[in-house]
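J.: Supplied in structure tokens, the structure appears directly below.
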């Protein structure tokens with residue numbers, strides 16, 4: 001009798017699922033064992049990862065504008081060029097109008113830092129005791145903590161970067177990323193849909209619908225998250241810019257930009273930027289802490305009740321506690337990059353797991369509800 005894989009799959013769904021799972025795990029194990037041989041490939045991926053990640057983020061930010069102009073009859077390539085020109089205009093405007101203000105405020109922070117330090121020393125002398133503070137300062141002076149910390153930092157920096165050669169390499173990588181991102185972004189915006197169609201085209205016929213659904217879900221999740229987080233960060237920066245200016249907080253522009261940037265990291269970012277603003281308010285005028293607290297309450301209400309629900313909606317559907325755990329794990333493993341990319345990476349993994357679960361439900365009888373139990377449940381429901 002001729003063996004038929006499709007017939008075996010139909011008659012032994014659970015066994016077939018176990019075999020497929022075993023083969024997948026076996027392949028992962030073999031890949032881990034081949035890691036030394038894959039190091040050149042991993043190094044190549046590490047080189048191209050920064051431009052690719054930056055290009056993907058920019059792609060999801062600017063794609064709606066390109067799609068809008070394309071629907072209005074503007075050729076896609078021309079739409080991309082118009083978007084690029086608009087970006088250059090915004091960068092030029094920022095350099096002319098915003099950068100000088102930021103530069104002045106940063107210089108003011110550097111100049112006034114000794115004064116802030118002296119205020120902190122005076123505060124602790126009054127609250128804790130002058131003798132205790134003097135003893136701490138003398139200990140710091142004798143042990144040269146700052147000098148030792150600087151030396152340790154230089155040692156770590158040299159060990160991490162591997163000397164001047166690695167510094168040059170890192171600088172070259174940054175320069176390459178800056179110059180390659182526009183080219184990658186251009187082709188992604190012009191031919192991005194062709195990439196997805198090409199992946200579906202080379203997929204076996206039975207898996208085309210699954211791959212198409214997977215790509216569609218990933219595109220929706222990433223697009224929603226990237227555009228949402230950046231737009232929310234811009235709104236938060238504007239809210240704090242107006243609020244800081246109204247209450248008269250020093251360095252309001254720098255602090256507002258920092259608040260917007262840190263807001264890209266969910267929950268933790270707002271806490272860090274809030275501490276910085278509170279420190280400035282404390283040294284400038286303690287009464288500003290009251291106004292700052294009111295401002296933060298207003299900002300949180302606007303962000304959580306108005307901005308985020310309107311922009312992000314319920315597309316991601318990730319619990320805040322889950323996000324905090326993701327940030328803790330991804331941050332400890334991958335640093336700043338993990339904090340920025342941990343949530344979207346989890347969203348993709350969640351799609352894979354949910355689709356795998358749907359496959360298990362369809363291909364096995366593990367989650368098939370018994371008819372007797374179903375009818376009994378229906379009777380009990382009617383009796384209620």
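Using the three backbone atoms N, Cα and C, a Cβ is placed for every residue, glycine included.
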J.: Of the ranges 190-221, 318-349, which one does TrEMBL list as transmembrane segment?
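T.: In TrEMBL, residues 318-349 carry the label transmembrane segment.
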J.: Check each of the ranges 74-102, 103-131 against TrEMBL and return the one annotated as transmembrane segment.
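T.: Going through 74-102, 103-131 one by one, TrEMBL gives transmembrane segment for 74-102.
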J.: Should anything in the same chain at least six residues away from the transmembrane segment (44-62) have a Cβ under 8 Å from its Cβ atoms, list it; otherwise answer none.
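T.: Distant Cβ neighbours of the transmembrane segment (44-62) are 83, 87, 173, 176-177, 180-181, 184-185, 188-189, 192, 222-223, 226-227, 230, 341.
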